[in-house]
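Q: Okay, handing you the structure first.
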Amino acid sequence: MERRKCQKQQGEAVERKKSQKSRQEERRRPQQSEDGKTAIDPNAFDHLIWEVELAQKVWEFLRDKKNPRYIKETAIRKIQTLATGDWHRGLSKRFVGSPCDIKLYETNLTKAGRILWERTVVFSPRLTSTEYEKMLESDDSTQIARYSEVIRVWDIVLDHSKVPHAIEVITQAVKGGQKCKIRKSLERIDKGKASRGTNESKNLSCCPAVFRVAQSAQHASNDMMLRQWCPPAVDEYRIMKMYSFTSMLVNAVLKDSQLEVEFPFRVTELEHAIINLQPEPPSSILLLGRSGTGKTTCCLYRMWTRFVRYWQNTSEGPCWIPRDSLFTHLEMAEEVTETHASIKKALPNMDHLHQIFVTRSPKLCAEVQRSFCNMVRGCQFAEEPLSQLDRPMPHRLQDVHQAQFPLFLTSRQLLLLLDASLPNPFFPREADGSLELNQGNKFSCNHPHRKKANRRGLVEKTKFDLRSEVTYEVFAKELWPCINKKKLKCHPSLVWTEITSFIKGSFEALHSETGFLSLEEYLDIGKKMAPNFSTDREEIYNIFKMYKHGNQQKNLFDEGDLVFHVYRRLCEFRRLEWAIHEFYVDETQDFTQAELSLLIQCAQDPNSLFLTGDTAQSIMRGVAFRFKDLKSLFYYANQSVKVQGKSSAVSVPKNVYHLTYNYRSHSGILNLAATVVDILGHFFPLSFDRLLPDQGLFDGPLPVILATSNVNNLPSLLQKSKNHEETSGIDFGADQVILVASASVKQQEKLAMFDKGIVMTIEEAKGLEFNDVLLYNFFKDSGAGNMWRVITGYKPGTIGDQQREHLEKTDLQWLCSTNPSRPLDFNPDEHKVLNSELKRLYTAITRARNNVWIFDEDEKTPLPMFELFCSNGLVEVAKPEDVKSESYTGFVKPSSPSEWKERAKYYTEKDSLEAAEKCAKLAADQEEKERIRAEKAAAEKRQQEEEQRAEKAAAVEKKEQARREEEAESAVFDLASSNVDTALETVAEGAWCGRSF
């Protein structure tokens with residue numbers, strides 16, 4: 001059956017190839033334009049003499065349905081001619097009066113329309129050597145990258161009267177970019193051979209000059225022309241994105257599809273090297289960078305680059321990937337059998353490229369999937385994957401269509417998918433792999449303890465529901481009060497981390513027989529890996545035993561049990577009915593070692609993982625992660641894995657690559673964030689990876705501390721109102737956010753003043769960006785309380801010139817008016833919760849692009865941090881009386897209805913429906929509000945139904961527990977009556993029914 005299915009799929013693929021080849025030949029024929037002029041060859045734009053890049057505004061013009069097609073075709077033709085080097089006077093005219101350092105030109109489009117473009121220099125991927133590993137590792141890497149003159153198309157203006165304004169905007173963008181901190185001096189290396197003049201081809205009159213980064217102006221030879229390079233700026237704090245003018249983009253414009261289409265923007269030489277890196281010997285790639293440094297972009301674009309390369313090769317002929325044996329662990333090798341020989345015979349031998357993107361956050365997963373799908377819609381080589389975009393996702397990997405990859409999954413979705421794709425699932429399944437619903441909507445659990453019970457002839461009656469999973473919330477609210485018998489003075493999140501990351505989530509636990517470490521193994525874990533409870537691990541292990549016993553009694557399970565169960569089943573097979581060639585993991589810091597080990601085991605080539613992360617952003621409860629440990633993980637995998645039918649093994653990555661330029665925030669914000677990271681490194685040096693501070697591309701305003709604890713002063717301070725008693729709603733902007741510590745804070749009545757703004761928790765805001773952030777009562781609502789006093793013992797290093805300049809202007813008198821905070825000696829065992837609180841503070845600060853303002857009603861708790869920030873010139877202070885000053889600007893920047901509507905779209909795409917509904921309301925867009933409300937109501941209804949089913953399941957379980965107790969009492973009576981056999985059978989059945997494992 002499986003063989004016939006595979007043969008049918010391969011036959012269909014051959015037919016699709018014939019049809020696709022026919023369509024491609026049709027596309028290669030010159031297309032007739034509407035105006036009857038020279039037809040456009042849509043495939044002739046990738047190898048022109050001049051590279052062309054487009055500003056965002058030009059790309060939007062070309063895809064705008066309102067602009068006539070003949071105008072777009074004419075613009076494409078003109079740009080193509082320029083890219084051949086034909087710059088005759090009738091086509092290109094230098095602007096008179098433009099700054100001498102900006103080579104700005106215009107090209108006639110219509111009688112009144114103009115194409116505005118610049119002759120400039122940018123990084124050239126096509127001229128740069130493919131020695132990407134050397135670019136990333138060598139001190140001389142700047143000599144490998146090549147820069148080239150290009151045509152940068154800034155704007156297409158149809159009304160000639162608007163040209164002067166467009167020129168002004170372009171000039172401001174170029175001048176603004178000159179303030180960027182990543183300016184480079186370039187030296188020309190083609191020695192003038194490509195200057196304006198005649199060429200071997202009579203059609204070409206100008207060729208681009210080629211440059212490299214100058215080692216120094218002093219060492220540059222006299223005949224080397226030095227030139228300054230800097231990126232253009234979209235505003236005073238951010239650089240502008242540019243798009244390559246490629247055949248793929250032209251095809252999308254000429255296709256004129258109604259679907260949304262995206263293309264990758266141009267990247268820096270460092271990002272280009274990471275995206276295209278092929279390590280030797282082959283190994284997985286580890287990429288580390290702070291928030292806003294482009295990690296997700298590199299992950300997405302690497303995935304996209306390999307996807308396009310594969311399908312482009314496939315369009316030119318059959319291109320299938322051989323299915324190979326999976327890696328089998330040494331300790332499991334002797335246990336592997338040929339039980340599933342029939343499955344093995346039915347396996348197809350070839351697959352298309354199977355990629356999977358996985359992350360913990362559903363919002364991030366949805367965002368990356370949307371971007372990738374939009375790029376697929378613009379790719380002329382991806383017709384087969386495009387036809388599968390709307391195909392429903394099957395429940396098993398073996399049922400996923402060959403062209404349905406790549407898959408975009410959360411870690412939970414991947415676990416459930418793997419569980420359904422292997423025999424003997426953790427949760428019983430229907431024939432199609434979907435979850436099987438039993439009485440009370442509970443799931444039977446297939447677990448080793450159940451097998452033992454069955455071998456003893458006992459009837460398994462235990463049922464499980466996904467709602468019966470122990471999450472951190474369940475652990476903290478329901479289990480912790482019961483199992484913390486000795487009343488340990490530690491936060492439950494820290495104990496939860498020990499259990500989920502080490503006792504059950506470590507590599508060693510995954511390879512144990514039980515799925516968790518013994519006490520001896522737990523005690524042997526190094527202090528650097530698990531620093532929180534190095535001196536009282538026996539107490540923590542006793543708590544774990546009570547936790548485990550409680551789970552068994554209440555029929556609960558946690559994610560570690562599911563990971564262990566899937567992993568053990570996966571190790572039983574040399575070959576499977578499916579193959580995964582590449583994994584792309586974003587926000588790796590949110591994964592345990594066990595989960596990452598599972599991915600290594602799943603990959604057909606375990607050297608094909610691409611993992612990105614930032615341990616300073618690790619605010620996921622229960623996960624302790626460092627990239628240093630990740631390298632160790634690959635080492636352990638290398639030691640314990642052998643290859644079945646392969647010549648290579650798991651390689652340990654040689655390097656962890658770093659991204660240092662921050663594209664989101666400016667230096668004013670980043671200096672404050674870096675100080676928070678420094679505090680983390682001082683008190684918790686083993687809890688995250690130390691990096692050089694990420695660099696902002698521009699200077700910017702310092703974060704602001706509001707020197708008041710009176711919430712009634714907020715409206716006047718935020719709105720620059722002189723009426724201190726004003727309590728009406730504050731008109732926030734669409735790109736501003738109020739961040740609070742928890743969901744319960746959002747429900748407080750006094751937050752009614754924020755009704756005209758967006759309020760989020762820090763966890764909800766993770767992965768989102770805002771122009772301005774107001775951090776509200778973070779310290780007051782922090783779980784650390786007076787632990788912040790240990791900050792008084794922290795002595796920072798030297799401060800920069802910008803901080804010193806602001807320090808001289810900072811008024812510290814308001815701090816002196818408050819009683820100084822008493823010092824508190826740091827105790828690594830008692831003050832561990834500060835670790836997570838500092839990471840949450842870092843995450844909150846780095847959500848902002850432009851401004852961070854901090855307000856707290858608690859005068860004493862934040863004082864140590866405020867003193868540190870102020871004394872080091874990291875912040876400015878705004879007092880209530882400052883609103884009278886003409887120089888005081890306030891915080892709020894009201895938005896128009898159209899801006900609120902656009903922001904509603906942003907939040908919808910990010911799956912933040914509550915914020916999207918609020919934006920639609922503030923935009924007075926009733927139709928959009930109702931649409932979002934309906935979508936939100938549907939999600940809430942599903943949640944309520946799950947909760948109701950959980951309540952019913954709990955009621956059924958309560959009755960079942962009562963039945964077991966009654967049977968136990970009956971067993972005692974049977975013993976008294978000498979019915980020993982019956983009593984033992986009843987007691988045994990009752991014991992196993994009361995256990996989940």
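The backbone N, Cα and C atoms fix where each Cβ goes, and this holds for glycine too.
According to TrEMBL, the protein has these features:
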BINDING   GLY289, ARG290, SER291, GLY292, THR293, GLY294, LYS295, THR296  ATP binding site
COMPBIAS  13-38  compositional bias 'Basic and acidic residues'
COMPBIAS  930-966  compositional bias 'Basic and acidic residues'
DOMAIN    268-666  domain 'UvrD-like helicase ATP-binding'
REGION    1-40  region 'Disordered'
REGION    930-971  region 'Disordered'
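Describe the structural context of these features.
A: Counted within 10 Å of its Cβ, the other Cβ atoms near GLY294 (ATP binding site) come to 21, all protein chains included.
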Q: With an 8 Å cut-off on Cβ distance to the GLY289, ARG290, SER291, GLY292, THR293, GLY294, LYS295, THR296 Cβ center, who else from the chain surrounds the ATP site?
A: ASP614, LEU659, ASN662, TYR663, ARG664, ASP694
Q: Note down the number of other Cβ atoms within 10 Å of the Cβ of THR296 (ATP binding site), including every protein chain shown.
A: 21
Q: Which residue, out of the binding-site residues ARG290, LYS295, shows the minimum number of other Cβ atoms inside 10 Å of its Cβ in this structure?
A: LYS295
Q: So what's the mean pLDDT when you look at the domain 'UvrD-like helicase ATP-binding' (268-666)?
A: 78
